[in-house]
Every structure is written in C-alpha cells, then in structure tokens.
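As recorded in TrEMBL, the features of this protein are as follows:
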type	residues	note
DOMAIN	A:134-300	domain 'Helicase ATP-binding'
BINDING	A:360, A:363, A:400, A:403	Zn(2+) 1 binding site
BINDING	A:369, A:372, A:387, A:390	Zn(2+) 2 binding site
DOMAIN	A:395-561	domain 'Helicase C-terminal'
DNA sequence: TCCTTGGTGATT
DNA sequence: ATCACCAAGGAG
Ligand SMILES: [Zn+2]
Ligand SMILES: [Zn+2]
C-alpha cells in the first residue's frame with residue numbers, strides 16, 4: 001500500500017494523507033483533486049511513501065480523485081520559489097506553493113493562433129546601441145533601463161531578445177496590465193514571428209495549459225505575461241524583462257502579497273538569467289540601487305529619432321479663468337488648437353463615474369456606503385450611487401436622509417462628468433472614455449486601439465489606464481486635470497506616485513508629431529509637478545531621497561504592514577493594542593508605527609487598523625515576533641501581513 | 001418553542 | 001477555507 005501526503009490550499013500547513021488506485025503513479029510535485037470535507041479540492045503532493053504516517057487513522061483515508069497530467073508536476077525550482085515566498089512574505093507554505101503552481105484546470109490544451117507581418121528591424125540609435133553594449137559588457141545580471149518617455153526602450157528590449165534567441169534561450173517579458181498586451185504582442189509577432197505565447201487571465205483554461213506546457217518544454221521561446229507569469233517554469237531561461245517596472249500591479253494585494261519584481265530577482269539567483277527592469281519613472285528603490293551600483297543603470301536620455309520632449313505648462317487652479325468646471329481657458333484653447341490640426345488629445349482624470357460624492361444642500365450630510373466608511377459615487381449612466389470598494393449600489397434618494405432636504409449637490413468630478421463637459425464644449429468631436437466601467441467589455445482594447453489608430457477618436461479621456469505606456473503617434477496634447485489628488489494621500493509615496501503619473505501622462509504627447517502638455521494643479525510649485533515640467537526624473541529623485549532618509553522610509557529601511565480586520569471595533573482596538581504591546585517587548589519603539597485606523601477605516605463590513613514595522617537590520621528578529629503573533633489567536637480578528645507594501649489602504 | 005447568530009472543531 | 005454542530009438569546 002502507498003500513501004500520498006497532500007497539501008491543500010489553506011492558510012495553515014497541515015499534510016493530509018490519501019491513497020490512490022493502482023493505475024495511478026503519483027509523485028512528489030504532482031497536482032491532484034482530492035475529496036476534502038464536503039467537496040473536492042485542489043492539492044499538491046509533497047511526498048509519496050509506503051508507511052502510513054503516525055497519528056493518521058487508516059479508516060479515514062480516501063482515494064485521490066484525479067491526477068493532473070505529468071507536465072503540471074512541480075519542479076524543484078518551483079518548490080524553491082515557494083519556500084522563499086513562505087519565508088519572506090510570511091504566508092503559509094501551502095498558500096505559497098499554490099501561488100507558485102498557478103491556477104490551472106486539467107482540461108485539453110488548446111493553441112492560440114497568432115499572425116505576423118515580418119519587417120526588417122530598424123537600426124538602433126547611438127544611445128540605444130550603447131545600452132546594449134553596456135548590457136553585454138557588464139558583470140552585473142540585474143539592470144535598470146531608465147529611458148525618458150518615447151526614447152525607444154522597446155527597441156532596446158528587442159535587440160536584447162534577439163541576442164538571447166540566437167543563443168537558443170528563452171525570454172520572459174512581464175508587463176503591468178493585460179490592456180497593454182495587444183499593442184505589444186503585435187510588435188513582438190512582427191519582429192520575431194510566431195515563436196511567442198501570451199500568458200494572462202484573459203486566456204481560456206485550454207490556452208493557459210498550452211502556454212504553460214510550451215514554455216516549460218522550451219517549445220515556445222518568448223512569453224509575454226502579467227504578474228503571475230513570473231512563476232512559469234522554463235526549459236532554458238536567458239532573460240527576464242519587466243516593463244514599466246514602477247507599476248504597483250506587480251505587487252499582489254492578497255496573501256501571499258508577493259512582488260513579481262522580487263521573484264524575478266530570485267530567479268536571477270537560481271537560474272542563469274539576466275533581468276532588465278525598464279521605466280521612465282523607476283521606483284525610488286530601484287534608482288537608489290542603481291546609483292549604488294547594486295544593479296547596473298542603462299540610460300536613454302533623449303527621445304528616439306530626434307523627437308523633442310513636449311513642452312509642459314502648468315495652470316494654477318483657483319487663480320485661472322475657467323470655461324467649465326474642470327477645464328481652464330488655457331487648456332480649452334490648447335484642445336482647440338490640436339483638434340483644428342486634426343490631431344488627438346488625451347485627458348487624465350483620477351475618478352470614474354459622474355461625481356465622487358453627493359451632499360445635502362442644507363445640512364452638508366454626505367451619502368455614505370453602508371458597508372464602508374467612504375462616500376458613494378454617482379454614476380450617471382447607471383443613474384445609481386455606487387461604492388467603488390465593495391460594489392454596494394442604491395438609487396439616488398429623493399431627499400436627504402438626515403434632514404429631508406430635497407436639494408442634493410453632486411460634488412467632485414469623474415470621467416462621466418468630464419465626458420459631459422467636453423461634449424458640450426466640442427459637440428461635433430468624437431469623445432471616447434476609458435475606465436473600469438467601459439473597458440470590461442470583451443475586445444474593448446482591440447476596438448479602442450483601432451479607433452485611435454484610424455483617428456476616429458478626437459479626445460480620449462480616462463483614468464489610470466490611459467497613462468500606461470501606450471504609443472499613439474497623433475496625440476499632440478495631454479493633460480492632467482488635477483495633479484494634486486495623490487499628494488493628499490496619507491502615504492509616504494504620494495509624491496513619488498504623483499511624479500510618476502505626471503511624467504507618464506506627459507509622455508503620451510508628441511510621440512509622432514511635436515506636442516505639448518498642460519498640468520492643472522493647485523500646487524504647481526511642488527517638486528513632483530516641477531520634475532514633470534523639467535522632464536527630469538533625477539530632479540525629483542534628489543529631493544525625495546533626502547526626505548526618505550530623514551523620515552526613515554524605503555529605500556533606507558524595509559516595511560512590513562500588519563492589517564487587522566474585525567467586525568467589532570472595540571475588539572479590534574483592544575487586540576491591536578495587545579499586538580503592539582507584544583511587538584514592543586522585543587522591538588525598538590521607533591520601529592513600530594501604530595496601531596492607526598486605516599485611511600479607509602471600514603471596508604466591506606469590517607473595521608481596519610494598520611500597524612507598520614520599520615525593519616532596519618536583523619530581519620530575523622522582526623520576523624520571529626511576527627510569526628509568534630500569527631500563531632496566537634485573536635478571536636474575531638483577521639491579520640493580514642504585507643511585506644514591502646506598495647500602499648497603505 | 002423556533003429560529004437566527006456566533007464560537008468551536010475537524011477536514012486525511 | 002468551509003461546513004456541521006452546539007449554545008445562547010430574541011421574537012412569538
Ligand atoms: Zn440634509
Ligand atoms: Zn462599500
């Protein structure tokens with residue numbers, strides 16, 4: 001008789017023992033479906049043995065229900081990555097292992113068809129060439145490619161990729177969002193033919209399985225994927241590229257809160273791989289490492305093809321003349337100029353929906369979500385109020401719930417409101433909106449790119465997603481309507497995030513034809529705004545790094561955030577105090593921040609508290625205390641651990 | 001008395 | 001995580 005010890009995807013690490021039918025040959029690393037409690041669950045075999053393990057009742061043992069095909073068997077490499085996640089990100093080992101293994105269903109593989117129109121590659125310019133040369137000559141295996149927007153980072157990537165292909169090795173290319181895939185995939189196919197595969201959550205189960213197997217077997221040499229693709233095993237990996245490395249989407253928000261950029265670093269240690277991270281606005285952490293030669297800096301300081309950087313102007317809101325609620329006279333005139341030349345305009349606004357809150361005219365009461373401590377947003381298209389944190393929705397009430405006043409004001413503008421404003425100002429122009437509400441439709445991005453390319457869109461408005469690395473040559477004006485909104489966030493990275501947004505949005509303008517940028521701001525003198533005006537990332541970096549040093553924030557220390565959640569606020573408060581008391585017993589008080597109410601103190605019916613730990617040295621000491629706390633049981637309180645958090649919400 | 005709610009324990 | 005079980009407490 002043989003027994004398989006199986007881990008189930010649970011927040012604790014207990015091995016369960018199963019038997020199996022004689023025609024099955026399961027081995028360590030095999031993925032299985034097993035009966036567990038009332039229903040079947042996914043499992044991973046961590047051991048197969050002849051003896052029944054101690055303390056297991058032979059009567060209770062059930063048979064493995066289903067064995068995944070052999071190509072899904074986890075490799076030693078995958079086990080090692082899981083071990084590192086478990087240790088570094090403080091999750092359970094089984095959560096780490098399941099994260100590395102990925103979500104697959106044992107269905108028939110299905111190949112996705114691709115088409116390509118091959119062309120002769122362009123010659124690199126001097127700067128691009130010297131990046132490639134420095135890459136080849138460096139002893140370092142990790143690189144930061146810092147290139148201004150429009151400097152042709154992709155051309156450098158392509159040259160590095162073609163070198164790796166000549167050596168018959170594989171390439172893993174990560175990008176922050178699915179929405180960037182279609183545009184880039186086309187460029188990849190045209191350059192490298194059909195030796196390429198996509199891996200992200202838009203694939204069907206069969207297509208995912210094909211991509212997994214093909215890359216693992218070395219049948220496909222280039223893989224283009226999002227965050228979770230960083231775990232894909234390869235036959236012979238030569239290069240990992242992380243494009244737009246500053247994007248927070250590389251960090252997973254639920255347990256284990258891993259960072260794909262960290263996993264890629266680990267792969268450099270484990271495999272014979274080099275890593276290139278590219279951005280016009282790198283994370284402070286990355287640039288700091290580059291400055292200290294821990295990683296090698298490659299720079300592109302000019303736009304490709306002698307194209308000029310767009311001229312950036314600021315408009316001081318509150319002092320300036322406006323043509324409508326969100327549009328200054330200056331911006332209006334510039335939009336007109338671009339449109340008269342039949343060019344395109346791109347406008348960024350931070351919120352979706354119509355208005356961000358509804359306030360009573362008489363008593364100033366704001367309508368809030370019943371599950372969250374946050375105002376409800378009004379969506380005109382739905383004609384309903386909507387919570388952006390939990391999805392709660394209700395009709396706009398006839399009158400104020402507090403005082404009965406029938407007049408309610410809509411305050412704070414979103415994409416829908418801006419769409420309204422612009423269609424009144426430019427009634428005969430085509431205005432197109434991109435946000436979470438419009439982009440959920442299938443093939444949305446495909447249609448959107450086609451329309452942009454064929455200039456069927458005159459004014460493009462959108463949230464975060466329009467600032468992310470798109471290349472639209474006819475955009476000659478880009479604008480941020482309110483540059484300051486992030487600056488008010490209670491987060492030490494708010495200035496960095498503002499700088500990144502402004503430089504990225506500015507970077508969408510003037511990529512084909514000379515263009516300009518207008519930033520509307522209440523604080524145009526802030527160094528984050530100033531850095532965008534000067535097109536100088538370094539200007540920002542020098543100022544920000546000083547403040548990080550003085551304030552003891554990354555990159556000078558590491559952070560671990562404990563997020564405590566509970567239904568009962570009193571209980572949460574006393575548990576938080578108790579946890580901080582335990583922390584203070586073995587850690588210096590200056591390294592413990594909190595407990596503090598989270599910026600959004602109540603989400604989905606749970607109150608939230610944050611405790612922030614600053615780890616300067618001796619990581620082990622801190623981890624030991626945290627592990628101890630996780631082993632205690634604070635009833636009714638859920639503790640989530642976020643190592644190297646990218647936000648504080 | 002019936003029914004909802006919260007805490008506890010087990011899952012192989 | 002998920003589910004069953006049991007005890008407690010409130011409405012009828
Ligand atoms: Zn009122
Ligand atoms: Zn809500």
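A Cβ is built for glycine as well, from the same backbone N, Cα and C atoms used for every other residue.
TrEMBL: automatically predicted annotations, no manual curation.
Fair warning: this is a prediction, and the values are worked out from it, not measured in the lab.
Positions of the features from TrEMBL, shown on the structure.
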{"residue": "A:360", "record": "Zn(2+) 1 binding site", "DSSP class": "strand"}
{"residue": "A:369", "record": "Zn(2+) 2 binding site", "DSSP class": "coil"}
{"residue": "A:387", "record": "Zn(2+) 2 binding site", "DSSP class": "coil"}
{"residue": "A:400", "record": "Zn(2+) 1 binding site", "DSSP class": "coil"}
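Under 6 Å, Cβ to nearest atom of ligand 2: this is the test, and of the binding-site residues A:372, A:387, A:390, A:400 it is passed by A:372, A:387, A:390. Excluding the listed site residues A:369, A:372, A:387, A:390, the same chain places A:370, A:371, A:374, A:376, A:388, A:389, A:391, A:392, A:603, A:604 with Cβ atoms within 8 Å of the centre of the Zn(2+) 2 site Cβ atoms. Looking only at the binding-site residues A:363, A:400, A:403, the one with its C-alpha closest to residue A:369 (Zn(2+) 2 binding site) is A:400. Within 10 Å of the C-beta atom of residue A:369 (Zn(2+) 2 binding site) sit 24 other C-beta atoms, taking all shown protein chains into account. For residue A:400 (Zn(2+) 1 binding site), the count of additional Cβ atoms within 10 Å of its Cβ stands at 20 [all protein chains shown].
When the binding-site residues A:369, A:372, A:387, A:390 are checked against ligand 1, none has a Cβ within less than 6 Å of one of its atoms.
The Cβ of residue A:387 (Zn(2+) 2 binding site) lies under 8 Å from the Cβ of A:369, A:371, A:372, A:374, A:376, A:377, A:393, each of which sits 6+ residues away along the same chain. For the pair residue A:363 (Zn(2+) 1 binding site) and residue A:390 (Zn(2+) 2 binding site), the C-alpha distance works out to 26 angstrom.
Here the binding-site residues are A:363, A:390, A:403, and the one with the most other Cβ atoms within 10 Å of its Cβ is A:390. What surrounds the Zn(2+) 1 site, by Cβ distance within 8 Å of the Cβ centroid and not counting A:360, A:363, A:400, A:403, is the set A:361, A:362, A:364, A:365, A:399, A:401, A:402, A:404, A:405 from the same chain. Contacts of residue A:360 (Zn(2+) 1 binding site) defined by a Cβ separation under 8 A and a same-chain sequence distance of 6+ are given as A:366, A:400, A:402, A:403, A:405, A:407, A:408, A:409, in order along the sequence. Around the Cβ of residue A:372 (Zn(2+) 2 binding site), the number of neighbouring Cβ atoms within 10 Å comes to 21.
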